[in-house]
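Worksheet for the structure shown next.
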Amino acid sequence: SVGFKAGVKDYKLTYYTPEYETKDTDILAAFRVTPQPGVPPEEAGAAVAAESSTGTWTTVWTDGLTSLDRYKGRCYNIEPVAGEENQYIAYVAYPLDLFEEGSVTNMFTSIVGNVFGFKALRALRLEDLRIPKSYIKTFEGPPHGIQVERDKLNKYGRPLLGCTIKPKLGLSAKNYGRAVYECLRGGLDFTKDDENVNSQPFMRWRDRFLFCAEALFKAQAETGEIKGHYLNATAGTCEEMIKRAVCARELGAPIVMHDYLTGGFTANTSLAHYCRDNGLLLHIHRAMHAVIDRQKNHGMHFRVLAKALRLSGGDHIHAGTVVGKLEGEREITLGFVDLLRDDFVEKDRSRGIYFTQDWVSLPGVIPVASGGIHVWHMPALTEIFGDDSVLQFGGGTLGHPWGNAPGAVANRVALEACVQARNEGRDLAREGNTIIREASKWSPELAAACEVWKEIKFEFPAMDTL
């Protein structure tokens, strides 16, 4: 007779362990599970734990060669989602030995690699991860972090201002550089390559880098402030990406940029290491995130992608606006903004935070608010995001009726007015419009901007609710 019982078996016999006490070294995951009709939630939760760790669909004799009890993921708790029929939050604990040190790539391959196509589930969404301190310590994280960035730029006590250069595709390198110069000269701290500007026939990367560097130094000399332009180093291969980052460093640029989801975590971590070793700041764009995080019941929540980026490394990351054209519910957005910036974040289900997360002094990432925002949004943005943020106005700068530099002036005046008002103890939420109006009396550039955008709102109901 065979030494083991062959055949298909219930996952829940092995992988559903409600009495399990989670360890400090476990990676904990909260999955939103929608089982197929007739599949009990315990079985669905156990199936997730099994398929994302040691399980397979049938008993195999090689199971006897290792200790499954030591290596298996376990579903240790299941709770129904309030207000949703047939949706459950399944909590799964993974032993740390299942993961390679310092590899976000491996962490995701294990936790979300195969299980999302699983037939017994109608849909599956990873809502949050608790990353244990012992695992965090194997990552280098952001190349510099918030404090070092402020020291490098010598800018304190206010949010930083940015602008994406538009039209995003089609400008020649020289005209592109000119737009960069005008924005920086007018008072912005940063300008940005669009995420899809890499190295196309109308503007090769090296030409763009040269003209942007020239714009940068000219604006710096004239304003006496340190300026930056996010030079997009994203490329088709890791070698080419590093080549671009090296060129940026040689030109004396302070910051480069990467599309971390389309580029991939392996490339991103390599670039982050290069940036740390060579004193470059790293701006991260989240192109492709909505493919992964927009559906409420399937995929991954952005807070997981944000945590992963903090491990992999980046000094800035786009984080929605709460007020512009791109989605973001206020409490939920602030939840993952705290996860990016703070050293310790308490569990708070009302903000979508399923686990207490201790970052053990890993540097923080500055959230970037970008997308459909303009001067009238400034009080709200200053209040919501606070000082450690980058507020990025693309159309809100370049759409100014008098041109780029006046557009930049308008934004800088609005920002300084909001910061001053806040420091004087005024209530930005209530008095925001008044503050902007008062400031526009002594800034014709701001007055013109207020006039253009006074009616524009992007109001749709948000998708991202708890």
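Backbone N, Cα and C atoms are what each Cβ position is placed from, and that goes for glycine too.
Per Swiss-Prot, the features are:
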- K166: active site, proton acceptor (ACT_SITE)
- H285: active site, proton acceptor (ACT_SITE)
- N114, T164, K168, R286, H318, S370: substrate binding site (BINDING)
- K192, D194, E195: Mg(2+) binding site (BINDING)
- K5: N6,N6,N6-trimethyllysine (MOD_RES)
- K192: N6-carboxylysine (MOD_RES)
- K325: site 'Transition state stabilizer' (SITE)
Closest to N114 (substrate binding site): which of the recorded positions D194, E195, H285, going by Cα position? H285
Give the number of CB atoms, excluding that of N114 (substrate binding site) itself, located within 10 Å of its CB. 10
Which secondary structure state does DSSP assign to K166 (active site, proton acceptor), in the simple three-class scheme? coil
Provide the number of Cβ atoms within 10 Å of the Cβ of K192 (Mg(2+) binding site), excluding the reference atom itself. 29
For H285 (active site, proton acceptor), just give me the three-state DSSP call. strand
Which one is it, among the recorded positions D194, E195, H285, that lies nearest to K168 (substrate binding site) by Cα separation? D194
How far is it from D194 (Mg(2+) binding site) to T164 (substrate binding site), counting Cα to Cα, in Å? 6
Inside 8 A of the center formed by the CB atoms of K192, D194, E195, which other residues of the chain have their CB, for the recorded Mg(2+) site? T164, I165, K168, D193, N196, V197, Y230, N232, M257, H285
Just how many other Cβ atoms lie inside 10 Å of the Cβ on K166 (active site, proton acceptor)? 16
